[in-house]
Amino acid sequence: MRRKLAAGNWKMNGLGASLSELGGIAAVATTQTDVLICPPATLITRAVAEAGSVAIGGQDCHANSSGAHTGDVSAEMLKDAGASHVILGHSERRADHGESDADVAAKTQAAWGADLVAVVCLGESLEEREGGTTLDVIKTQLAGSLPDGATAANTVIAYEPIWAIGTGKIPTLEQIAEVHDFIRAELETRFGTEGTGMRVLYGGSVKPSNATEIFATSNVDGALVGGASLKASDFTAIIAALDAA
Ligand SMILES: O=C(CO)COP(=O)(O)O
């Protein structure tokens, strides 16, 4: 049985005052669902102190563990700050920083080397969705972004259609199931039972109002939530929907 995971990606949002929202999230008792919040790197240490049983993660790491890379943060540094996870290959980083699948694979290797769980993001653009190439795109991203050695313990996959992020639009439940079933089959082909155990999250405009139906969808093991993870009342409602799923 895969444990469910509610993951929040705060992106470039959050000052010290935002930690009260994390406190509200940490106050909720869950039994079925693991909870992860990925605040900006500046807040990780303080977040860990507020987090209780909520895991804290980074939003990116460099592929090297140290060196002359101004402005970057390594996986070792995230670990040292108290993080247990790191989001890698988010579409905003692929777009803003030109990250390729090979870059994401190198970062994933670095995350594992620092004993972090890698949350590896995949997703098609609207053009690719409309052009009918979604599964090809996902297959290529998955193969290129995930090194050999991925296990159920060291890796989580997040399927985030780019056109659903921050737009209020989500794919149909059939479309979500098609992609998640496809990802599961690819993971099992490559990683065997580890692929069966790996969690596959859906991300893109997950809200309290659509969480229940999304979580009832085939091979959806949780969510990677942006905007709705910034408010404790929204995110705890999403956690409750997962707990009940
Ligand atoms: O990109 C996302 C999470 O990584 C999704 O963001 P939204 O939930 O704001 O659409």
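In case you wondered, yes, glycine gets a Cβ from its N, Cα and C as well.
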Same-site residue for substrate (record: TrEMBL; known: ASN9, TRP10, LYS11, SER205, GLY226, GLY227; options: GLY24, GLY166, GLY192):
GLY166
Of ASN9, TRP10, LYS11, HIS90, GLY166, GLY226, which recorded positions are close to GLU160 (active site, proton acceptor), meaning a Cα within 10 Å of its Cα?
HIS90
Taking the Cβ of TRP10 (substrate binding site) as the reference point, list residues of the same chain whose Cβ is under 8 angstroms away and which are at least six residues distant in sequence.
SER18, ILE37, CYS38, PRO39, PRO40, GLN59, SER229, LEU230
Cβ contacts within 10 Å for GLY227 (substrate binding site), all chains included, total 19
In whole Å, how far does the CA atom of GLY166 (substrate binding site) lie from that of HIS90 (active site, electrophile)?
13
Out of these binding-site residues, GLY166, GLY226, which one has the fewest other C-beta atoms within 10 Å of its own C-beta?
GLY166
Protein Cβ atoms within 10 Å of HIS90 (active site, electrophile), excluding its own
28
